[in-house]
Amino acid sequence: MTLLGTALRPAATRVMLLGSGELGKEVAIECQRLGVEVIAVDRYADAPAMHVAHRSHVINMLDGDALRRVVELEKPHYIVPEIEAIATDMLIQLEEEGLNVVPCARATKLTMNREGIRRLAAEELQLPTSTYRFADSESLFREAVADIGYPCIVKPVMSSSGKGQTFIRSAEQLAQAWKYAQQGGRAGAGRVIVEGVVKFDFEITLLTVSAVDGVHFCAPVGHRQEDGDYRESWQPQQMSPLALERAQEIARKVVLALGGYGLFGVELFVCGDEVIFSEVSPRPHDTGMVTLISQDLSEFALHVRAFLGLPVGGIRQYGPAASAVILPQLTSQNVTFDNVQNAVGADLQIRLFGKPEIDGSRRLGVALATAESVVDAIERAKHAAGQVKVQG
């Protein structure tokens, strides 16, 4: 039996978000729908999830002592990481002391960097992956590239949104690629992964839920990347029945090996009927924002339902749908959005994240659309996103 308390009362059920961006904001909203008390934590003030939380704290989440202090102050029943850059060793300690880390501290630590999850997938689970080598010096990096061959990709073992990533076609790029990788890591300079380039027809995110009533799959989400970050996503991505079966089997093995209850974003390459594992996030995925309009239960609702110990039951997908990011480039601490009336309509929505500032290029919102076909849904979402005029 699952018992939920009432927020701001002695018996409240308390959830602490570690990372309070746009994904955490939607998780907070889903917690609020169930009367759960939300504490939002991030490295900067006025982060999106803080707008809809009961309380918030600004700390360096890579500082284990600071993390322990805020946990001891708030005494959450669930600690829900939204990002990779967290003191995961402290999360393991806290879990050993009886706290509930979502989905579990081991999953958070393994997926914090690409080495942990790649070794689990390729070496322990024997899943198909790209060829890869790890390196922690420039000389070993050059050896890894020589071993893998051209073209290849170098990434910091801990980064997101394409930061520090270079597609390497020739030896002339090596010095700059190493330097860029050292600048792009979320926890500073360090180890990198060199990967062989995989031949694929398309990439998918298979949103996979591990819950008290078993493992559940959303329809596959297709997406387009640019500069290492997603620009559009759509659902469902068409693929052969055999490829879908293989994708689900890979995802099932990964989430069960990681353990715990919650939603996982499993990234896969698909080439014909063949499926290759890429990465996994033990939390809602940015490409999954399309589920805000495409499903009866969004990825955020599914995550909350699962980690609270509630059954998922089933997931209803409504048909062709898409998301397109609102990605302006400017510098401002007082952003406004004009022409919004032309970005909404029947089966057409937007989400504006409420980020407090922008300095360069930053994702500030997303347009969501449904249509008779995926192609039409993508075009509707892109058009709507383009209608929003961001000023500052």
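Note: Cβ is positioned from N, Cα and C throughout, glycine not excepted.
Fair warning: this is a prediction, and the values are worked out from it, not measured in the lab.
The N(1)-(5-phospho-beta-D-ribosyl)glycinamide site recorded in Swiss-Prot includes Glu22, Leu23, Glu82, Lys355, Arg362, Arg363, and the single candidate from Asp201, Asp227, Asp273, Asp286 that the record places there is Asp286.
Per Swiss-Prot, the residue annotated N6-acetyllysine among Lys109, Lys179, Lys199 is Lys179.
In the three-state DSSP scheme, Glu82 (N(1)-(5-phospho-beta-D-ribosyl)glycinamide binding site) is classed as coil. The Cβ of Glu279 (Mg(2+) binding site) lies under 8 Å from the Cβ of Thr111, Arg114, Ile117, Glu267, each of these being in the same chain and 6 or more residues away along the sequence. The distance from the Cα of Glu82 (N(1)-(5-phospho-beta-D-ribosyl)glycinamide binding site) to the Cα of Gly164 (ATP binding site) comes to 20 Å. Neighbour counts of Cβ atoms within 10 Å were compared across the binding-site residues Leu23, Val197; the minimum falls on Val197. Between the CA atoms of Val197 (ATP binding site) and Leu23 (N(1)-(5-phospho-beta-D-ribosyl)glycinamide binding site) there is a gap of 29 Å. Considering only the recorded positions Glu22, Lys179, Lys355, Glu195 (ATP binding site) has Lys179 as its nearest partner by CA-CA distance. Confidence for the domain 'ATP-grasp' (119-308), expressed as mean pLDDT, is 95.
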